[in-house]
Structures are given as C-alpha cells and as structure tokens.
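Structure, as structure tokens:
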Amino acid sequence: MDKAETITKKSKHGESWIFGRIYSTWLLPLYFKGLRRELKISDLCKSPNSDESELLADKLEKNWNIELKKSNPSFARASVKTFGLYLLPTFILFLFEECVLRNVQALMLARVIHFFANPIDEDYLYASLSAATVVGASFFYVLCHHPACYLAVRVAIKARVSWCTLMYRKALRLNHSAFGHTTIGQILNLMSNDVSRLDEFCIIGSYMIVAPIQTCIGMYICYLYLGPVCFIGLGILFLFIPSNSFTGRIFLKLRTKVATLSDTRIRVINEIIKGMRVIKMYAWEKHFSALISEARRQEMAKIRNATFLRALNISISVVSGRIILFAIFITYVVQGNTLNADKVFVVMSVINTVRLTMTWMFPNSIALLSELSVSCQRVQTFLMLDEIESTDSNKSGKPNKYLKTNVPVSGSKLAISVNNLSVKWDPNHVQPSLNDITVSLKQGELLAVIGSVGSGKSTFLMSLMNEIDILNGTININGRIAYASQEPWSFNGSVLQNIMFGKEFDSIKYKNVIDVCAMKRDIKLFPFGERTLVGERGVALSGGQKARITLARALYNDADIYLLDDPLSAVDSEFIKKASKILVLKEGKQYACGTYDELTDAGIDLISLIQKPDKPTDGRPTFERQTSVSSQLSISRNRTLSIISAQSEVWNNQTKKVDNRMVMFHSIKQISVDIDADFDPVVDEEDKGKGSISGRIYVQYVKAGSGTFLMIAMLLSTFISQFMFHFTDVWLSNWTNEEDSMEHSKPTDESTNTMIYSSLIIGQFVAMIIRSATFFTMCIYASVNLHNRIFYCLMRAPISFFDANPTGRILNRFTKDIGIIDEQLPLAAYDLNLVIGTIIVVALSQWYLIFPALIMVAMILIVRAAYIKTARELKRFEGMARSPIYNQMTLTLNGLATIRAFEAQSLFIDQYYHYQNDHTATYFMCFASSRLLGLCMDIICIAYISCVAIFLMIFYQGIPSGTAGLALSMALGLTGMTQWGVRQSAEVENHMTSVERVIEYSNLEPEAELESLYKFPKNWPETGSVKFERVYLTYANCPEPVLKNLTFDIRGGEKIGVVGRTGAGKSSILAALFRMVEIQGKISIDGVDCSVIGLHELRKKMSIIPQEPMAFIGTLRKNLDPFDDHDDEQIWSALEEVQLKNAVLEMPGQLDYVLSEGGGNLSVGQRQLICLARALLRRNKILVLDEATANVDHRTDALIQRTIRHNFSQCTVITIAHRLNTIIDSDRVLVLDAGRVIQYDTPYNLLQVHSGIFYHLVQQTGKQMAAKLTAAATDSNNNVRGIKM
C-alpha cells in the first residue's frame, strides 16, 4: 500500500512562539499566499506532533483497557481520564473572563454613566479612567477568550482523533459475529457525526460550572443597584433552567433515535453503492429508492422535532434577557422608583451577560453533554463488540482453544492439528456450523476439502484463521498463513502493491509468481504494467485478473501454510488423487477423512462429488463446473503442485517449481467484467470546487427550502424582529433620559411608558418565534429536497460513475455533508447577527460616531474577504481529506479475513494513521483560521469601542446619560457579536461547500430514461431473438472501443456460449445488452431496437445470474421478490427448485429471515442460488448467465441444469463462459478476440477448424481435458442431428 502522506510540509505551529500558537498568527503567511493565488495541497502543513493519531490512540487505549478490567467499564470515564486535565486551562480562562472581567466592566460602566448624569469637572479624570477600564476589560477579555477556545478545540481534536483511531483498531480485531450487531454504515456514522459533538462540547462545556458562578456574582451587582427587585429576574431566570433541562432530556432521546435512523440510512446506501451493478441489471432502483425514502422520512421526522425544539430554545434565549429586564424594570417603576441611566445600563449589561451564559451556554452545554453521552455510549457499544480470540495462551491464564505460532515445523511434527472442532457463526443458531471435526497435516501435505453447498468448507478455513468462535475442541497452527479468498479482494493500489502486500520487493520471486499465476499476458494488457492502479473493489480488472492477483498475493507472501478458497476451477479427479488427505463435509459434520484410496475402499464415491457425468441428458448446455463448491486447499511448505490452465498461453503440461516453499497454480477462473487493454484504470482524484461559492449554489439551496410565501414570511419576520430588538433599547434609553431630566420635577404617570415597553417586548417575542419557525422550516425542506435530489441522481447515474469513484467518496456526501446540511448549516445561518443594526443605533446617539463606524465596517469587510478566500479552500481540502478515512474503513472491513490472515494489520493501521493525520492537519488549519478571524474582528471592535469612549469623553457636555449608556453598552456588545457574526457568515460559506458538493452530485449525467412511450408488440419479447448490428462499445476515459463492429444474431430459444481470453470483450457484450454502457450501432430483441425503449422496459425482460452473487440486508423474501409480485407458494417453489427450501425452513423466520450486510450470513454458494431463484421467479424469455454455477457443487449443479432446462427450454440462454466445459454443448459458440467476432458456429464445427482460436483454447486444457471436451461436443452434435432426423 502507498503509505505516503499527502501533506508533507513540517508543522508551522510547532515552530512558532507561544503568542503565535495561541492566537494562530502562524497562519498569516498562508493567508497572504491565498490572496495571491489558489491554494494547493503542497501549501498545507502538518498538524502538531502532539496530535499524531498513533500517540493519542495509545493514551486513550491504555485507559480504556484499565476500564475493561472493571465490572462496569465506561468509555466516557476513560476519555475524561485521558483528556480531562487538558480542559483545566480552558476552564480557568473562561472563569476569569466571565466572572471577573465582565463584572468589572459593568461596574466601571456604571461610573461612566453616572458621570454623564452629573457631569462635574472634578470627576472627569476618574470617569475617563473608568472608561479606559471598560475598554481595557474588553481587550483583556479578547486576550483570554481566544486562547481558551484554542485550547478547548485542541482537546476536542485530540479526543476525536483518538476515538476514530481506536475504532479503526477495534475494526481490525472484530469477530465475524460482531457484524450481526453493527454495519459498515453505522461505523462510518460514528466516525463522522457522533465524534463531531466533541468540538462543540469542549468549547462550551465549561459553562456548566462557569454560568452559575457568574449568575451569582451578577445578581449581587444588580442587588446593589436595584435592591430585592432583582430577585424577580433571578426567579424568571431559574424558570428557564428546568425547561432547558427538560428539553435537554428530549434532545437526548431524539439524538439517540436520529443516530440509529442515520445508521440505517447510511447502511442501506452503502449496500446500494456496492451492489449498484446488480441493482441496475435487475431494475430494482425503485425498490431501493423506496427504502431510502422511508429511512430518510423517519430520520427527518426526528430531526424536524429536534430542530423546532432548538428554534424555540433559541427564541426564548434571545428574548429571555428582555423578558427578565422587563419584569425587573416594570416592578421597580411600579414600586415608585425612578429608572436612572446608570441603574438601567448596568443591570442591562449584567443581565445580557447572564442571559447569554445561563439561557444559551448553560442549557446548550447540558444538551451537548446529553448528546455526547449518547455518542460515548454508541462508541463504547462498538468497542465492546466481540473480538477474535488472542493466540497467546498465557494471556488469559489458561490455554486457548486456538493456538498459532509463526515458527514452521520440521520432520514428522504437525503443521496443522484440529481436534474435535465445533464452531458456530451465529450464536442464535441452535446447530453449530461445524461439529466434531478432527484432522491433522504434516509439513508438505495437501488437504482437499470437499462438500455440498453450505456444508461448512469456507467455515473450516475461517476457523483455521481464527475468524470464528470455537465452541469445543482445539486448533494448533505452526507456521505463517497465506490466504486466497473465494471472493477476490483488492485495495486501491497498484497491481504490484496488491501482490507484494507490504512485503519487500524481490524481483526473482515476483517474476516466478507472475509466471505460475499466468499473469504475463495480464501485465502486458495493463496500460501501465504492474504499476496500473486496480481501483477500489478492483474496478479496473476483469474477474479473472482479480482472482489471479489474489492467488499471486498468497504465493508471494512466502508462507508456510496456504489456505486457498476455491482457487482452481478446472481440476479433475487426478487432483483429488494427488491430495495427501481428503476431508469430506456434509451438513457441517465430518462425513469422512483420509487418503483417496482409504475413502474409495470405504465405498465413498469421491469422483461423483467433483465430476459430472460424461454425457449430458440432452443437447442443452449443462452449465457444468469441474470442482466442488469452494474446493478448499490447505497446503503446507515444501509441497509442489502444478495444475495447467486451460486458458494459459504461458504454461505447458509440466510441473514447475518457484522455490522450496511455493505452490504453483494456474487459475482459469474469470469473473465479472472484461476491461479493454487500453483502458486507463487510474482512479481520478476527487474534484475540488474552485473560487468563491457561486451565487447559484445559494439560490439552489433557498429554492430547495422555500416557496414564495415562506421566503417572504421569513424575511419580514427577520427584519421586524431585528428592528424591534434594537428599538427596544433605543426607547428604553429615551425613557431614562426623560426620567433624568424630570428628576427634580413632580412625578409623571408611568403607565404609558409601561404599556409601550410591554408591547415592544411582546411583539419582539412573537416576531422571533415566527422568524425561527419559518427559517428552520425552510432549512428542513432544503435538507430533505437536497438529499432526495442527490439520491435520485445517484440512482440514475451510469455504472461508470460507481466504478470511477470509491465508496467512501460517495458516502462522504451522505454522511458528513448531509449531516452538516441537516444540523450545522441552519444553526450557523441563524446565528448571523445583523451587526449593521447595532452600528446604526450607536451612530444615532451621536452623529460623529458614524465615521469610526464606517471605518470599522470597511476593515471588517476587508479582513473577511481575505479570510474567506483562504478558509474556503481549507474547508474544501478538509472535505477531501475525510473521504480516504471512510474509504480505508470500508476497504478494511471488506477484506478483514485476508488482512488478518497475512498479519497485515500494522500495514493498514499505518495507512490509516497517515489519512487521519492529513485530515487532522486540514481540520486544525480550518479551526486556526477561524480563530485568527475572530481575533482580528475583536481587535477592530475594540478599536471602535475606544473611539466611541474617547469621543464621548471629549464631547461629554450635553450628552444625556441614557444616550451615553446606550452608545457604550451597544458598542461593548459588538466585541463578541461582530466576530461571531462575521465568523458565522464565513462558517455559512464554509458549510455551503457541503451544499456545493451535494449539488455537484445532483448534476450527474443520468442514464437513458427508465420508461418510454414505445408501443410494444403483445407479449414482447415472444421468441427472445437477439441481433447485434455493427456494435461499437467504448468505456468512459477509454480511447479505443472495447467492442468493434460486432455483428451476429441469436435465434429465439437458442443456447449460446461466449468465450475469449481476458480482455476479449465477453462481459462487455453483457454490458451492451443491458445498456450498462451506451453503444454505437444497433441491438434489437425480437425486432425492437433496444436504444428506443426505456432501461427498465429492457432490463425487466431479461434475467441475469451474475458470477459475483449479491444479497442485500433485509428479509430473504425481499431479496427474492422486492416488489411483492409473487405469492409465498411461488417463492417456495423457486427455492425448492434451487435446492434451498430445506435450508430456509431451518432459518429463524424462514422467508422473513433477515440477511446481514452483503448477505454475510449465507455462504457464497447459497447467495448464488438466491440469484438463480430470482431468475426463476422472473421467468423471462432471455436468460444471461455469467458462470452462474461457479459456486455450487456438481450434484447441485446437475439439479440446477435440470431446473434450467425445464423452466427455460423455450428461452434464449446466453452464457458468458470462463471455462470451456460450461459451453461445450451449446447450440453455438461465439468466439471473441480484441472485441471482434472471430468465430461463430457449433462447438463441433469450431473444433474442426484446427487453426481457429476455439480449437487452440481446447487444446491448451491438456490432452485429457481436451479429449473430454471434444467428446462432449461430438455427442452434443450427434444429439442435435438425431433430433433433426
């Protein structure tokens, strides 16, 4: 694997001095660079060394292991023990700034306002010093606040990185049974959305303690000025706390439900992406769209409730300060007291501060603590899933049932010893998967494991690799293991990297492995040779190439024991005779075990288990297979075995030896898609948006979320609420000025002022509620519509899109990006403060204050413009850096057995560390840039406050105390408000990159229409005839066509075999027939041009049985009949015909038995039979088989052939063949080479042309096999001639 990090530049943070670190000034050079040109990934630098994922995970894992020893372990406790002390400096800074600086500022403000009420020259100096203290308090507040936030987020980053890394380490140790309790989608959701709660909580979590302390101090100051009346406000404030506590509990429940529903949605989307080829061929898009729609509907119902509850909380929080002030001031006035400016604005300053902390920070910290506790519990649940047992016999104090050493044995010692083995995949099943198995192997011996579908062959291999729980018995392994899986697995690296798999490069060994695996021709075909990227899931390879690379990886590993799960597809009885031992399994039990002679002497007919009868029952193709299902091989060191490939151009009938340790195989198994020789398989880098977020993105977001009425209502309510919010302060200032001017006059009737004040507060509250409701409703609609749009476009995208884009990249849109649009974007957009309103209010107090205000606005806009250009690019890089993390987790979980068998965990962990460190670097720079912006904004505001204070103190004469108090208090509010508002506006633009990324996928080029207006003939297709006329097929990014001038016809009811070497274009015919790729030329079925009809109208009329069987999570019934077109009787009949009825009857729930992700609780053979049952239920006139019986044993194969002959006798059957014996008795055989038709005739006639490709392919299978194939073709020809006569 490529372990190189994307970001290589040394951390600038670590090189800067302490001031540069805590105030993020080390980013200034990057800002200047971002102003000059677009940033590149090479401009970014690493995160600090203390944020390295390996280091942080080690610390957390140490404490988590301590917790696991306790009777009631707590992951939250382990996290607090690891990172709790790091939050102490943050807490101290927050406590100092809120409880000391804020209250000192309020007291000094009172002194200044008192001076304006009684302007005496003797007090001028004292008042000026007090004004300077007010400004200084704001300055020191800024100096404390930004380091506090910086330190808090550093802790959040450390915790988040350690959580994710610990989950990845856990994933590498997961027991197979654990996947019954979790899915890849759920794990990705934990890594994307759950850990994001850490960032928010670490910043405001301190306010759970700070807020009550600050409230006590603030209330004492209010008591000094207003007396006992202030306790009315305190009482109202306390009323908000239980309500917030109540909503916090509701948030907890909603968060739990939302997380679970998100897991379900992401899990289904993950399966859809992996199985999209099958879904399109089956025309099942509507079924899966309905599944996602229902999952999203349930998820959004909970998010909607949480959002509206949050909107109510926000409205109450914003207005609560005004309600408290209203209650205090009205009660104070009713008691006959006078509202003086110093009293009003001191109390207002204190209450506004307390209101922010107690009704916003305090309840939010509780709500976030609730959400974080849910996330902690979810992560803990995952971390406590079952793991594979340790092979260390001394770790638990008693011998383990599975013991393994990497030291090979010699002489007569046993390399593998299995004694009375009983294992079980699913703990809920009554019967064990394997029961009482005993077998042993010495050095150099070969064990062949044979048996029918579901007999336990793959389970036996899994148990040898410690991948399944052992109920009884023991396994002892001596030596290193290499494993070739039945389903080829590859990672997104080069061919060379997939073969080396972390081992050192040895040119001689590599050349030998390439030779024995018949990969020379493959290497020549690859556009970049062994450096060619295979792509995720091996999208750049044919099925045969994937299988050969899987085998080459095992051979290159230089192991002592080789576990090969069905690596050979065309072996005969001679192979079984060469085996040292043969283990026969039947229904999970050991039916027999011994040498070939011992078993035949005991009356066991081994030949019937691995070989079909020489003659088919009629002239129809039998879709035969020459080995039993998953012929598992366990081969120890020093064993040399050579089996010659029927499709090898390299090998002759002779045994060759790589070295003393290696086993030589020639696999002729080819699966799935053929790729043209000139196809460039390089996986494209993820696209990154450039420049500013287009106005079109904002327009599309607003359009997605609102109609005309909702938009107008939202804008009007926003304007009215902001107007009333500021006008209330202005009116209150005028009231105090009036009181001060009439202080020595007779008392006035305060009823009018009271009524006006009351009306303003009520109107403000109502307008705020309407604003919140309309705004969040718009955001919810936008979120729903954008998700529906992207998913619809994803389902309509051509299959080439899924081949070119890794699963994690696509899932990133549906996890993190949709999560941001659902929850973070609405909150950031709602928090956009209208700073202009505050500036206008200050300017209205004294006209000359407009000049510093204009300068401040200009500087704010300049700084924001400089910030947003860099921050936007950083946010895009951060989004791109997330995808590889999700890819790595998905890739690892899909190839878990292979990774552990090769003991390559450290290789994958190192790769994950690099991906995680790259993401941490981009995320840290995003945060640091945000903090630098906040610092700049606050400094500008402090300069403005200084100007306001200076102007007021210079021109103090004639300024009423209320006006001065209003100007100063509003200016002071700008400190936090401006930087928060500007930062949130930038944050909105950053979050809009998620909208941009979603809309990017909403504009994918779709396939052709699913339905058309074409008027079909009755019962079309009636005969199933297929005609290709000058067909050219070119894959995306491929310069040359794969199919070239293809012209042939298939008569209705004819059985056709398609053969050719790798890259000949066999599976491309299938892609053209199903219109997976659009063609040039014409394909017609029963005279109807396929290009003029809808894709569903075409695909529903054909049945496909793919080589790689696919099952989806859900009930067995829905896997067979997703649209409920058939009754139970028909389904049971289909299951009976494919020999699955008895197995299903034993399953819990029978037809309602729930399959795990990817059908993991079924064997590969059983999943293939499920695919066959689907075809039987559809009963179409055209059946396409891509080696449909590759994963069933020969007895089952014979039954399947009888079933196909009975059900499809009048149907057209096209077999995309990867082995000649499967099509040797077809009506005709289509021979392809380099995308062209070379031969097309009956197998018998083709064998008469000794210079033809088909004849040479038959001869390359060896004399014995060639003779059998020739005899089968002759018999088939005689049968056909006899029928005609």
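Just so you know, glycine gets a Cβ as well, placed from its N, Cα and C.
Under the heading domain 'ABC transmembrane type-1', TrEMBL lists 104-370, 709-990. Taken from TrEMBL, the feature domain 'ABC transporter' covers 416-637, 1026-1259. Residues or ranges marked as transmembrane segment by TrEMBL: 83-104, 124-144, 201-226, 232-252, 307-332, 344-362, 704-725, 755-782, 825-843, 849-867, 932-956.
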Please tell me whether the transmembrane segment (124-144) and the transmembrane segment (307-332) touch - that is, whether there are at least 3 C-beta pairs under 8 Å between them, with each pair 6 or more apart in sequence. no
Seg_contact(the transmembrane segment (704-725), the transmembrane segment (344-362)) with at least 3 CB pairs under 8 angstroms, min sep 6: no
Based on Cβ pairs under 8 Å, which of the stretches 201-226, 344-362, 755-782 lies most in contact with the transmembrane segment (232-252)? 344-362
At a threshold of under 8 Å on Cβ distances, which of 83-104, 201-226, 307-332, 755-782 pairs most often with the transmembrane segment (344-362)? 201-226
Could you name the stretch, out of 83-104, 201-226, 307-332, with the greatest number of CB pairs under 8 A to the transmembrane segment (755-782)? 307-332
What residues in the same chain, six or more past the boundaries of the transmembrane segment (201-226), come closer than 8 Å to it by Cβ-Cβ distance? 87, 90-91, 94-95, 98-99, 102-103, 106-107, 110, 149, 152-153, 155-156, 159, 233-234, 237, 328, 332, 337, 342-343, 346-347, 350-351, 353-354, 357-358, 361-362, 364-366, 368-369, 371-372
